[in-house]
Amino acid sequence: MTNIFDAIEKRDLELVKALIEAGANLEEYNDDGLLPIHLAAINNNFEMVKLLIENGADINAESSKGVSLAHIVAGHFSPEQLDWLFDKGMDINVGGFYHILPIHIGAMGGSLENVKWFFDKGAEDKTVEGLSVLHMAVGGNFDRFLQSIKNGTDFRDNLKAISDEELPKHFDLLKYLLDEKGYDVNTPKLSMTINNARIMDFLKERGADICKNVKESIYTATENGYVEVIKWFVTQGVDISKMCDDSYMELISQAVQEGQIDLVRYLFDLGIDINYMNLAVSALMSDKPEMIELLSAKGCDFNTLDTNGSNPILSATYSGKINSLKYLAEKEVEINLENLDLRNNPKLTIELIQWLQSQGYDIKKEGHSLMHCAAYRGKTDIIEYLLSEGLDVNVKDEEGKTPIYYATKKGRFESIKYLYERGADLKIKDNDENTLMHIAAKKGRMHIIQWLLDQDIPIDVANSEGKTPVNSAAQKGRLKVIEFLGKKGADISNIESYAQDLIQYAAFEQDVSKITWLKEQGMDISNLTFTVSSKRVYLSPSVIMKASEWISQYGVKITLYDNQVEYLITQAAIDRDEKIIEWLQNHINDNQKYFVISGSPGYFRSVENLIEGTYWLIEKGIKVKITGEAIRDIILSNQEKVGKITKFFDSLGVTIEDFADHKDAIISSVADKVIVRLINWIQKCGGVVDPNAVDSYDHNLIHRAVQNNRIEMLKWCIENRGDIDAKSPNGTSPLHIAFSYNNLQCINLLLENGADPNLVDNYGNTPLSKALNGNKLQVVNLLLENGADPNLVDSNGNTPLFNALYTDKIQYAKLLLEHGADLNAPNNHGSTPLLSAVYVNKTEMISLLCSFKANIDLENLSVRSYFTNQDNFQPLLNQGTLVEQITAGMHIVASLKANPQMQARGNALEEVLVSKINRARPDILDNLDLLDTRTNLKAILINLDKCKALEGLKEKIQDFDHESPSFRSLGFLTDIEKLNLTQSLEVKERELMAVATNVENDGSATSNAMHNPGIVEHINSFLSREDQVNLFVSPVAHDDQTDNADELAENPQVETTGEE
């Protein structure tokens, strides 16, 4: 038997007539929640709509989502067709569909003539969440609206920009609304609904401030894939990266899932900081290899759960994203299908099943099987394939239901017959003892009932609750099914068991036939009560009141439950509807005359609408209550309006008792900019806010403030005697937490107020060690400047210097050394930083430690082997600054030459160092201002301009053999002396001349003047009066030489200059 919806889709008017004559149910919804009249209107088939109305279809019936005929026809029926429908009673102000009115839909379609028609007929233009006809005119998307209601999706998803072809009619409509109807071009939220850059230009020329709500506009554009709109804002100087919070990330994820490759690539190219791992699911759901490849290049791991706990591959499999799955398989990505659940999968195909089999998936798994899925969707070809693969036609799921049960539930008649032919048991019961007859009756499928009867299936079998198929039909108000069952021999005499169900449907459908039939069966309907069932609670108030008034004329009592009353009062407050309040006064008792504010803003369009509506209800004598959850949610959802909100709460007499359980959540979640105002208000309400009180995790307010970088909260805590050194259960102080999150402002504030920088947590970590684990050299320096001890050890005896060593953080190590870190302190294993660096061959760290004169323990075999190897020495001389290189080399050479067994190696490495220094002399002279003031070489390199007297000496020695070790040493010495230590030019010249004479007298180029003890003494005194660092340590130097040097240092022969 052909389905009436199929006939309507085929636009077969004669077949639809025949089906109606055969008893087709015009009140039955299809899988997408539409009635036949809705589908005909969606298809723009006026003649079909006329036929259905003339045969009893309800012209104002709503779809399961609240869409009425008026909504559907507003955008594409002609004014003449609308006239006919209007004369038949079509309600043009119905607002059940997200409170959107039909005139709004007409504007979405850019239909100037239809919008004029609605205005001429007195249609209202109530704003919906702040949106009016003008907003709908700039937003378009009528085709998307039709598509969404036809397939049961949310029309607000996958919106499209107005095409260039559609623009002219939208411009005409906009001109009409602005010029003739007086709409304001700067109406709030208008820029958020624009999806075409040319419309943005048009409105801007008209004086619209498009960038006023730029963040919301960018969000909307991203959500709907309006890449041209985003580009337009960028050309206006908008920085998208400043808007990239968690909410925006969700929108980017949505854009990825919808395969908006141009938008996504553009956002990536803008350099927005994105957690690409959270886009893995969305990339696979796009089913576009190009999108997957783009995310793969960003490091996406498709086997890792995202922050919502979703498995990308399982999500893609359930959704049948076969292109994504094949792409992953081709790229040899590991695929784990162990936890896959394909229950009632709408995307099931043979191709997907075969892919699952190729991945080793067991298609015969117990429970809700692929066979159930195929039957539910009426996929006979899949059923056939699964049977060929060995699946049981009578396999039961967890509820005891077989595949044919689901086929019956969804009315898949062809699948039912096919399953039966392949051995399906028609008499099988589920766990609640429901039969196929129960299901067919409940769904009103009389052709299936007849077919079951033809197969000798019993008609009066009761389930575990004692209900027969007649009761199942009554639950859905299906009188025709009850009568049909009665004619087929079912017992319908137990009318009391189902009369209450029928009366509900009679009221909403205003179906006199049900009232008449009940009376004919001897039922006294005055004993029945009309209540709005839970599934109908949220119908429009006019529908509920209309049904109540209609049924009451037959003597049926009206009873409203509290949730129904609350809903009606809320709707009255939203629209200031006096009729609802007046009606309620006659149907509720005094105990029900109250309004509970339980959401933010709940059904209200805005918090202002909530506040104004509440005051209006109070004027009407309705008592108002507010829940703690509502107080919390209203504050957190409207933080920019905290002053208005708290004033509203005060007017309601709110005290701390009303929201005590939510106080901490408010304080923890509210924005930092309003925290002090909120705390003051909470205290005004009688609440106590103790900065030292701990939550369930034993964290106080300071801990939470620091963790979330909330400066104002932290200031308030400090001003109110909060303990800035309070430790959490794991021993972490606020300073530990601040460094863990690199919250520099909090760190500064804590240190300025005396936070202890040396507290140790339960794991041996100090704030300094936390800082070293981060990547902020600035915060490490800040700690050290504020008294952090660079030598505190952890449980392994490691100082922070070891930490810097292990993590290759050279600049951190240098900073620690400059602040007094003990570079020779051993850890619990007896290893020093230098020894540890040698073990792991950290060349740069070794050079740095040597430049700070770390103790070179030549007794250690590893150290001795390392430092006596010339292949290691040369790389060491290439680390750090030039001064650090020279200083490290000096220290290594000195250490080797001080050891009698290492003198020869020291002499050899000395040659290497001297050669490097000679090559580096121009760089030394060119970079005086860059030298490190810490080293003695700074003293060596000052006052260059005062060394003119040495120029003659330099010329005098030019004739010496350049290959002579004596000459090389003297050449280096001359350069050093040219830079004039703290001695006078006269002393220097006299001493240097003596050296020159020594070399001149030697003549053979074999004598090394630098190994003369007397000369060495003088050279060393020149090199550093402060610490007597030996550049070249003589192997025969003794205490008397040191004494001579000390004497020279204590009795300078000439005063130093002021500049020195």
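Just so you know, glycine gets a Cβ as well, placed from its N, Cα and C.
The repeat 'ANK' feature in TrEMBL is assigned to 1-31 (among others). Predicted-model confidence for the repeat 'ANK' (1-31) is 88, expressed as mean pLDDT.
When DSSP labels each residue, the repeat 'ANK' (32-64) comes out as 16 helix, 0 strand, 17 coil, counted as helix, strand and coil in that order. What TrEMBL records for 32-64 (among others) is repeat 'ANK'.
Counting residues 6+ beyond its ends, the repeat 'ANK' (366-398) has Cβ neighbours under 8 Å at 341-346, 348-350, 353, 404-407, 409-410, 412, 414-415, 418-419, 422-425, 428 in the same chain. Taken from TrEMBL, the feature repeat 'ANK' applies to 366-398 (among others).
Among residues of the same chain six or more beyond the repeat 'ANK' (399-431), those with a C-beta under 8 A of the stretch's C-beta atoms are 1, 3, 31, 344, 369, 371-372, 374-380, 383-384, 387, 393, 439-440, 443, 445, 447-448, 451-452, 455, 457-458, 463. If you look up TrEMBL, you'll see 399-431 (among others) marked as repeat 'ANK'.
Marked as repeat 'ANK' by TrEMBL: 432-464 (among others).
The repeat 'ANK' annotation in TrEMBL covers 465-497 (among others). With a threshold of 8 Å between CB atoms, the same-chain residues lying at least 6 positions outside the repeat 'ANK' (465-497) that come near it are 23, 25, 432, 434-435, 437-444, 446, 449, 453, 459, 504-506, 509, 511, 513-514, 517-518, 521-523.
Per TrEMBL, repeat 'ANK' is recorded for 730-762 (among others). For the repeat 'ANK' (730-762), the list of distant contacts is 702-703, 705-707, 709, 711, 714-715, 718, 724, 768, 770-771, 773-776, 778-779, 782-783, 786-789, 792: same-chain residues at least six beyond its ends, Cβ to Cβ under 8 Å.
Feature annotation from TrEMBL assigns repeat 'ANK' to 763-795 (among others).
Same-chain residues lying 6 or more positions outside the repeat 'ANK' (796-828) and placing a CB less than 8 Å from one of its CB atoms are 764, 766, 768-769, 772-773, 777, 780-781, 784-785, 790, 834, 836-837, 842, 844-845, 848-849, 852-855, 880, 934. What TrEMBL records for 796-828 (among others) is repeat 'ANK'.
Note on the repeat 'ANK' (829-861): DSSP counts are 17 helix, 0 strand, 16 coil. Taken from TrEMBL, the feature repeat 'ANK' applies to 829-861 (among others).
According to TrEMBL, the region 'Disordered' annotation covers 1037-1060.
With a threshold of 8 Å between CB atoms, the same-chain residues lying at least 6 positions outside the repeat 'ANK' (829-861) that come near it are 796-797, 799, 801-802, 805-806, 808, 810, 813-814, 817, 823, 867, 872, 875-877, 879-880, 883-885, 887-889, 891-892, 895-896, 899, 902, 935. Using a Cβ-Cβ cut-off under 8 Å and counting only residues 6 or more beyond its ends in the same chain, the repeat 'ANK' (1-31) has close neighbours at 37, 39-40, 43, 45, 47-48, 51-52, 55-58, 61, 63-64, 152, 410-411, 413, 444, 446-447, 480, 509.
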